[in-house]
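Everything on this sheet refers to the single structure shown next.
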Amino acid sequence: VYIWDMDETLILLKSLLDGTYAAAFNGTKDPSKGVEIGKCWENQILRVCDEYFFYDQIENYNEPFVTSLREYDDGRDLSDYDFKSDSVDDLNRRKLSYRHRLIAHRYAQGLHNVLDQKMIELWDDLYQKTDSYTDGWLSSAHALLEQQNINVLVTSGSLIPSIVKCLLFRLDDVIVYSSWDVGKLQCFSWIKERYRGVRFCVIGDGMEECEAAQRMNWPLVKVDFRPHRFPGLTLRTIENYIEVIY
């Protein structure tokens, strides 16, 4: 099981916006172009979150994973359900569970079944611009994920924007956990319970996943602009780290 961090590992956003990605290339990358690309992604993410994933309604109710409210869902048919007039509150977990059921469904469907053709074209164009600017970072990360059997993403961001990022950055079929409230060690423990009798490897850029991986005695491959980055990080490199621990 490969456990991935999201931001600055599988995708780039913060380092585009603050110029640290461009700065790592000693003047060969235009930082203003990176900032422009990053702002476009921010707008896309927020728009999709609010219009299709109820983020404007449930921003204050973060869950660690999309099925965590399943016990509150009575299975009601939601085809004619009025989500706009159904206000969410702390006491009614069922209303939250309905939204998360639909979120899970839309995540499984993919954005091509949600967005109109104009939005799809804008999204495709932005993805290609970003991939070109970052020398194939996005497409290389995507290709590496396709070589793995089970990919789980544990992000310190909140759940809904993270799910939307997965869709927009073409990280399909990735199981998403949000450590926003519970911490990465707790998420790693849940993943260990979910997948028994297998080996684990963590790939990320932050201290929290490093410390959690050490606690679990799992190998960690650290991704940054040096020494491991996309493109360049290979399955063989990851396997070498796994073999050291196991």
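Any Cβ shown, glycine's included, is placed from N, Cα and C.
What TrEMBL annotates here:
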| type | residues | note |
| --- | --- | --- |
| ACT_SITE | ASP5 | active site, nucleophile |
| ACT_SITE | ASP7 | active site, proton donor |
| BINDING | ASP5, ASP7, ASP205 | Mg(2+) binding site |
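Around the residue listed as 'active site, nucleophile', taking its Cβ as the centre, 25 other Cβ atoms fall within 10 Å, counting all chains. For ASP205 (Mg(2+) binding site), the count of additional Cβ atoms within 10 Å of its Cβ stands at 19 [all protein chains shown]. For ASP205 (Mg(2+) binding site) paired with ASP5 (active site, nucleophile), the C-alpha to C-alpha distance reads 7 Å. Its own atom aside, the Cβ of the residue listed as 'active site, proton donor' has 18 Cβ atoms within 10 angstroms in the protein chains shown. Neighbours of the Mg(2+) site: apart from ASP5, ASP7, ASP205, residues of the same chain with C-beta atoms within 8 angstroms of the site's C-beta centroid are MET6, GLU8, THR9, LEU10, THR155, GLY204, GLY206, GLU209, VAL223.
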